[in-house]
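**Q** The transmembrane segment annotation in TrEMBL covers B:12-37, B:43-64, B:96-117, B:123-150, B:157-178, B:190-213.
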Amino acid sequence: MSSSEKMNALWSYANPRKFLAVTERLMPWLWILSGACLVIGLVWGFFFTPDDYRQGSTVKIIYLHVPSALMAINGWLMMLVMSLIWLIRRHHVSALAARAAAPVGAVMTVIALVTGAIWGQPMWGTWWAWDPRLTSFLILFLFYLGYMALWSAIEDPDTAADLTSVLCLVGSVFALLSRYAVNFWNQGLHQGASLSMDKKENVADVFYIPLLVCIAGFVLLFIALVFYRTGTEIRARRIRALQARERAGA
Amino acid sequence: MIALLIRDLRLAMRAGGGFGLGLAFFLIVTVLVPFGVGPQSALLATIAPGILWLGALLACLLSLDRVFALDWEDGSLDLLATAPLPLEAAVTVKALAHWLTTGLPLVLAAPLLGVLLNLPAPGYGWLVISLALGTPALSVLGTFGAALTVGLKRGGLLLSLLVLPLYVPTLIFGAEVARRGATGMEATTPLLLLAGISAGAIALLPFASAAVLRVNLR
Amino acid sequence: MMPDLGKYADTVLSAYAASILLLIGLVGISLWRGRRVRAEMEETEQRMRRKNG
């Protein structure tokens, strides 16, 4: 197979019927695999890892906090790619996948924020600190909200897909700008912040392997949810089309 | 292009066009703040730059739904889209008109309101410079938001939800310039970053706004 | 069975509870809406077929 043929084979999944057929076959495996990874990872992390000498048992929150934060960002990136594909190649599935991913990404952002706040309470003595990373996630959540609100506000699906795609592009640029702006802003407030949020450093293997399993679980769950919800969106669109035909015929 | 600008400015100046409303809103917000936080002048001096920036931002937001609404209702937006003038240029002119009728008065009024909030003396120059550099970005971003929501019945609230996150970097750098200026700290770095954001937004966003308008007019 | 969570038991348990509830809620809503839409599509398709056939 030449590379262009391979590309064509890849694009054929953009056909809604083929997408539904393939995901239908994959769905059970994705659900089982993601569920297994999550259960193994979380049970391992919760029951069988030692406490950190400094943070005590709160270190166990890492198994929820880091994977959800990761998926919050990757969810937005995936929406960006899907929006670009829609704007350039006009595949309906990609626009609907972006729409399907937004609530999943938003929930991941909420999980990251909630676990962060709960973790921050005993560690920093406050539920909320305007730490650069926390703040950026809050802003990311606002972007998710705006994106979803725009989708639900517009009747015509193609118009909605176009507008939300452009919003996603512009939003990505400004979300990135906000990230750097927030870094700058908080340094301006108190030099050398004493609240180190870097958990990736000094994470020993005992914590690292269950963490990887949890991350795999979150990634798989994200994929499963997005596939499933995209299928729902495709069907909802088909219902609209059928009903329009019905009205036209009647 | 100039004709369009003059027409827009006339429309805004006319009674009911909304000119001055933003300014009045800015005044009211500034007056209300001391009622909310208490009259201690030291506290007011600390928060003055941020309050003034926030007030200007909200006043800007308030007038955004008027950018395209009138033209949409009477159909002149369709004429604009088919006119020989590229839609990108028309959008830029719209943003410029919005800035001249909303942003510029805010910049000029900010020092007066600074007196009310007990803004420290070195802060005035920085406040005006930061607003002068930042409000164009607010207008351009707002025009993008207005273009996104142009056909919607109750687009006002959605418009705020879409535009406010986009305002975050501008607000951060703008208020930082004003705050550092007021406390006598070095403020050129955030000022340059603010100018960069404004320049980038003015250069690139009209394309996005025009693309979005075309979709909405389809 | 339960590991000793020390003085942070509330913290850890509430973080797990909140996250798992959110995840279950998300999956539940997705599945619920998916089922409904699927049923509605089948119904609509059958109606169309009856009309045309």
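One-based numbering along the chain as shown.
Using N, Cα and C of the backbone, Cβ positions are placed for all residues, glycine too.
Tell me about the setting of these features in this model.
**A** Here the transmembrane segment (B:43-64) has long-range neighbours at 18, 21-23, 25-26, 29-30, 33-34, 37, 98, 101-103, 106-107, 110, 113-114, 117-120, 123, 127, 130-131, 134-135, 138-139, 142-143, 145-146, 159-160, 163-164, 167, 171, 174-175, 178-179, 181-182, meaning same-chain residues at least 6 beyond its ends whose C-beta is under 8 angstroms from one of its own.
Same-chain residues lying 6+ beyond the ends of the transmembrane segment (B:96-117) with a Cβ under 8 Å from its Cβ atoms: 5, 8-9, 12-13, 18-20, 22-23, 26-27, 30-31, 33-34, 44-45, 47-48, 51-52, 55-56, 59-60, 63-64, 67, 123-124, 127-128, 131-132, 135-136, 138-139, 142-143.
Remote same-chain residues near the transmembrane segment (B:157-178) are listed as 49-50, 52-54, 57, 61, 64-65, 123, 126-127, 129-131, 133-134, 137-138, 141-142, 144-146, 148-149, 187, 190-191, 193-194, 197-198, 201 (criterion: CB distance under 8 Å, separation of at least six residues from the stretch ends).
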